[in-house]
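Accompanying notes for the structure given below.
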2 protein chains.
Amino acid sequence: MPELRKDPIVGRWIIISTERAKRPTDFVAKPEAKRGGFCPFCPGNEDKTPPEIMAYRDNGTQPNTTGWRMRVVSNKFPALMTEGDLNRAGDGIYDKMGGIGAHEVIIETPDHELTLSTMPLSGVINVLYAYKERLIDLKRDQRLRYVMIFKNHGEAAGASLEHPHSQLIALPIVPKRVREELFGSKNYFEYKERCLFCDIIRQEIEREIRMIEETDYFIAISPFAPRFPFETWIMPKIHKAAFENLSDNELSSLAVILQNTLKRIDKILNFPAYNFVIHSAPFHDSQSESYHYHIEIMPKLTKVAGFEWGTGFYINPMPPELAAKYLREEGLVAETQPLAI
Amino acid sequence: MPELRKDPIVGRWIIISTERAKRPTDFVAKPEAKRGGFCPFCPGNEDKTPPEIMAYRDNGTQPNTTGWRMRVVSNKFPALMTEGDLNRAGDGIYDKMGGIGAHEVIIETPDHELTLSTMPLSGVINVLYAYKERLIDLKRDQRLRYVMIFKNHGEAAGASLEHPHSQLIALPIVPKRVREELFGSKNYFEYKERCLFCDIIRQEIEREIRMIEETDYFIAISPFAPRFPFETWIMPKIHKAAFENLSDNELSSLAVILQNTLKRIDKILNFPAYNFVIHSAPFHDSQSESYHYHIEIMPKLTKVAGFEWGTGFYINPMPPELAAKYLREEGLVAETQPLAI
């Protein structure tokens, strides 16, 4: 059974996962695993994953067989368990609880060779719809407080399988980073009676200097104080706290700007590894006036990792105004831009 | 001129550094730079670094020539500048200030092939003394509030030069992570009238299960809620808030347990890359009753990076009780243990 543990100094919860091997040799760096071999996410291998939780399928096809266009399964090595009790408990000065939650994999497409930036736009829309459907379903579980949806693309970003996929982790706690965002934006709202994120969006649209792309519903920007070179945020112009509240129009529009942004990053940085994370309100706060969902994309550029990872302090050699200029002006190949939605 | 910028949502300061190149191609992953070539930190190349700030030298040798045993120089590509004004200013809803501070390199030994775990104990003591001396010197600059001392060992941990060295960054602000520690431990102190870190140390000594080594002045433990496999903290048993307040005896004792701990990590994990960070009180709080300096060591095990970096949320597959058992029982080669101080 995995365990959630709280650092008593800064209040950060972490998961001690027990479903993976733990001899020291398991952690010793090995040569990169050979790619191109067996892939458990490819069509025909549906029995090599845990049973599917949901899928978008061709008419008449059966669960856990071929014929799917998008498929969600439990992670085979889950960081958290669905069954069990929370059992919040102290241990002297420490706090812990059972590792209850969910850890799922969104297999984005049957095509092993595609990515979110190269698949048809309809594929990206499928993926975003799946995120929303999973959020709505998991929200019914009273034990859960937060769902973190993220993607590790490329081995340097933590992906252990090449086949395009994203992940979600449903948690009985709200992660520290999200609590900090909630706290900061709530303080701002109480003082100004305006949403901080809406103010950021207004200022960025007006100043233009960090703007990468603006569409009907969204902007893509280099944030004012980015941790990493070419860090990019996608923010909705219409205030909404939680991702699960997106309308169909908004989801389709988000798919366009997300794919465009990933295309820009691929072009400027030569197909880098990256992480993206959907920052959405906790379940109990999904109508918040002060919180505002958004997506943070962080290209994983190996030359700048390490120090930041160790210290929690960030030195970024790329001014966001310059990053935005590259991504805006040279980032998009015009003929592949999927504008029609 | 570099710039310090504050994220308006979570209040995190970051540095936009301007002293390094910034075309996108500079960030594109390249094959590993060939090692074994010219080293600017090796004896004989003293003119290839900025002038030395301090050094421990053989009698009669001149600054910026050979004959040194430990040498501190400015970073050739500093993230912050010594000269200039802070110029705190707003920019609409954003906050920024001039990138004033210092960025120094502690060249730990003239011997390119040694590491903190293989050098003579006297070399480790020299390094820790140098940290203390630099802290005391930088404290005189009224513009500075915090000095972060850290080491990136190995390319995967962010080291760009192989020659053994650590770094310090002196800042006009207190980094967010340190502020969080100060805040958490102050709250605890106000409620309990005891230092949280002292309580952690008492509990860890009593429970033994996460203990790696205990000496006269220090303990090395796997913390209760570690972010990373084999994360290890070295904590002083005598309450002290700031590293610069260490006595000679404490520095020598710290050198022993630090070297032992790095030897254990090298043995168990086959000489991994790692980061360590000295967590010490800000200058204005160096006599704090509630803060307690310590060292956090994080082996950089490539299989577990990525996700954490992108989300700020940590999943650790190695229970600290098991990590401590490995490091404690199998970690130290007896005959190389430097016990005499």
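Every residue, even glycine, has its Cβ placed from backbone N, Cα and C.
TrEMBL: automatically predicted annotations, no manual curation.
A:H163 is the residue from A:H163, A:H165, A:H239 that TrEMBL records in the Zn(2+) site together with A:C39, A:C42, A:H112. Its Cβ taken as reference, A:H165 (active site, tele-UMP-histidine intermediate) is surrounded by 21 other Cβ atoms within 10 Å in the chains shown. Within 10 Å of its Cβ, the residue among the binding-site residues A:H112, A:H163 with the fewest other Cβ atoms is A:H112. When Cβ atoms from all protein chains are considered, those within 10 Å of A:C42 (Zn(2+) binding site) total 15, not counting its own. Taking only the Cα positions, the spacing between A:C42 (Zn(2+) binding site) and A:H165 (active site, tele-UMP-histidine intermediate) is 11 angstrom. Here the Cα atom of A:H112 (Zn(2+) binding site) is found 10 Å from that of A:H165 (active site, tele-UMP-histidine intermediate).
According to DSSP, A:H112 (Zn(2+) binding site) sits in a coil region rather than a helix or strand.
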